[in-house]
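First the structure, in the form of structure tokens, and then the observations on it.
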Amino acid sequence: MIRARWSQVLTTEEVNAITSPWKARGLVPTLIAVAAAFGAWSLLLPVVPTAVLDAGGSETLAGGSTGAFMAATVITQIFVPKLLRRFGYRAVIAVASLLLGLPALGYTLGMDPVIVITVSVIRGIGFGALSVAEAAIITELVPLRLLGRTAGIFGLSVGFSQMVALPSGLALADRVGYEPVYVLAAAIGLIGLVVCVRIPTIPAADPTTADLSSVRVPLWRLVAVPMIALALVTTAYGAATNFLPISVRELDPTAGAAFGGVLLAVMNFAAMFSRYYAGVVLDRRGVPGTVLIPFQVSAAAGIFIIAAVIWAEASVWWLLLAALLYGAGFGAVQNESLTMLFYRLPKSKASEASAMWNVAFDSGTGLGSTVYGMMLTSMTMAPMFGVAGVVVAVGIAVTVADLVLGRNRVAEVNNLAVRLKSVRAPGRDRGYKRPGR
């Protein structure tokens with residue numbers, strides 16, 4: 001019996017022959033699964049905290065709902081590389097889609113703390129597995145020379161789903177109530193269960209075969225800066241998604257929380273295109289990280305503007321500028337940090353690189369949601385967002401320090417460009433003396 005082409009094993013020869021990301025077998029179903037996962041997540045991201053507050057719950061529980069989701073996500077992500085090697089991408093994506101989608105119906109039972117936290121944890125497990133698997137698989141579907149654009153397309157898929165889902169959740173909740181939104185989130189989450197059958201079979205990589213002899217620094221140094229840069233930027237994302245709609249409602253009751261959802265959509269619109277732009281720059285220059293610092297500055301500026309607008313009680317329309325600036329920085333930093341990790345580690349450790357990136361992203365978002373929610377018990381929104389801006393600025397300092405101190409450090413593993421740079425001409429070797437001197 002001849003198997004369908006989409007289910008056949010994906011070979012190295014087939015991948016290397018690809019001339020465009022869109023010709024990669026399995027990319028389209030992967031992008032659909034990505035959009036479904038992030039759509040199901042984003043739809044409820046601002047809805048659940050708002051529902052908790054409307055039901056009389058505390059700000060701590062509102063932020064804690066996202067914090068519990070992200071905590072479960074991060075813990076799960078640590079184990080996903082082993083699951084991928086044992087069960088494969090299709091099986092992991094299928095089960096994870098089920099865990100992300102179906103439990104959303106549990107929110108219809110009410111906003112009791114036990115229900116909120118339990119459902120959030122189960123859904124977080126599913127999202128954690130999906131996020132690692134779907135980011136890692138792009139390195140298997142395309143050759144390295146197309147990784148930047150493919151990661152950018154991945155970002156477009158994520159950004160588009162978030163741009164649509166974030167404001168839609170709050171808008172639908174205002175019109176039809178919270179329960180239909182929970183049902184819709186469950187349905188969207190289950191889409192990945194359907195499309196994953198179109199993902200080709202990918203041979204499991206053996207991480208023990210990676211040649212690490214060229215590593216001149218500890219592994220943590222290879223991954224620390226991209227992870228820190230991403231984590232600190234995403235702490236502000238946790239604050240924005242949970243508390244920006246509420247801030248808008250307090251600042252301008254006429255605009256309401258729905259305008260806060262529009263701001264989140266604008267934020268993700270900017271992130272979507274800046275993420276793709278960063279990928280195009282990578283493929284053009286051949287080195288990731290070249291636009292990281294400028295976009296970190298953009299992200300910090302956006303958060304500081306949010307704090308200033310709330311403090312001055314200025315027009316909510318100024319928040320559109322803030323959303324554009326932060327969103328652009330947020331998106332580009334995502335792509336830069338992800339491709340930096342892929343470039344610094346061997347291909348056999350792509351799932352580990354994806355897990356590290358997702359741990360940084362989700363731990364930052366979760367900590368931001370929880371910690372900033374707790375801070376609101378002793379301060380108002382304006383200083384809270386001010387602190388969030390300072391945290392993002394710390395990431396800029398870390399990246400600049402790494403750029404200055406690490407100019408001559410060989411960081412990447414099995415990176416051809418770095419190896420070539422390390423081969424010096426004989427006349428420039430340290431111990432070489434010119435004849436006659």
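Keep in mind that glycine also has a Cβ here, set from the backbone N, Cα and C atoms.
Please treat TrEMBL annotations as automatic predictions, because they have not gone through curation.
Look at TrEMBL and you will find 25-407 tagged as domain 'Major facilitator superfamily (MFS) profile'. Look at TrEMBL and you will find 27-48, 60-80, 87-109, 150-169, 181-199, 219-237, 257-278, 290-311, 317-343, 381-405 tagged as transmembrane segment.
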- Task: For the transmembrane segment (87-109), find every same-chain residue at least 6 residues outside the stretch whose CB is under 8 Å from a CB in it, and list them.
- Result: 33, 36-37, 40-41, 44, 48, 51, 80, 115-116, 118-119, 122-123, 125-130, 133-134, 137, 140, 178-179, 182-183, 185-193, 196-197, 199, 201-202, 204
- Find the member of 27-48, 150-169, 181-199, 257-278, 381-405 that has more C-beta pairs under 8 Å to the transmembrane segment (290-311) than any other listed stretch. 381-405
- Can you name the far-off residues of the same chain, 6+ from the ends of the transmembrane segment (257-278), with a Cβ under 8 Å from a Cβ of it? 42, 46, 50, 148-149, 151-153, 155-156, 158-160, 162-164, 166-171, 174, 240-241, 244-249, 291, 295, 316, 319-320, 322-332, 334-336, 339
- Query: By Cβ distance under 8 Å, which residues at least 6 away from the ends of the transmembrane segment (219-237) in the same chain are close to it?
  - Reply: 289, 292, 296, 299, 303, 326, 329-330, 333-334, 336-338, 340-341, 344-345, 353, 356-357, 359-365, 367-368, 371-372, 385, 388-389, 391-392, 394-395, 398-399, 402, 411-413
- For the domain 'Major facilitator superfamily (MFS) profile' (25-407), what is the mean per-residue pLDDT, to the nearest integer? 87
- Query: Mind checking which residues reach the transmembrane segment (60-80)? Cβ under 8 Å, same chain, six or more beyond either end.
  - Reply: 45, 48-50, 52-53, 92, 113, 116-117, 120-125, 127-129, 131-133, 238, 241-243, 351, 354-355, 358-359, 362-363, 365-367, 369-374, 376-377
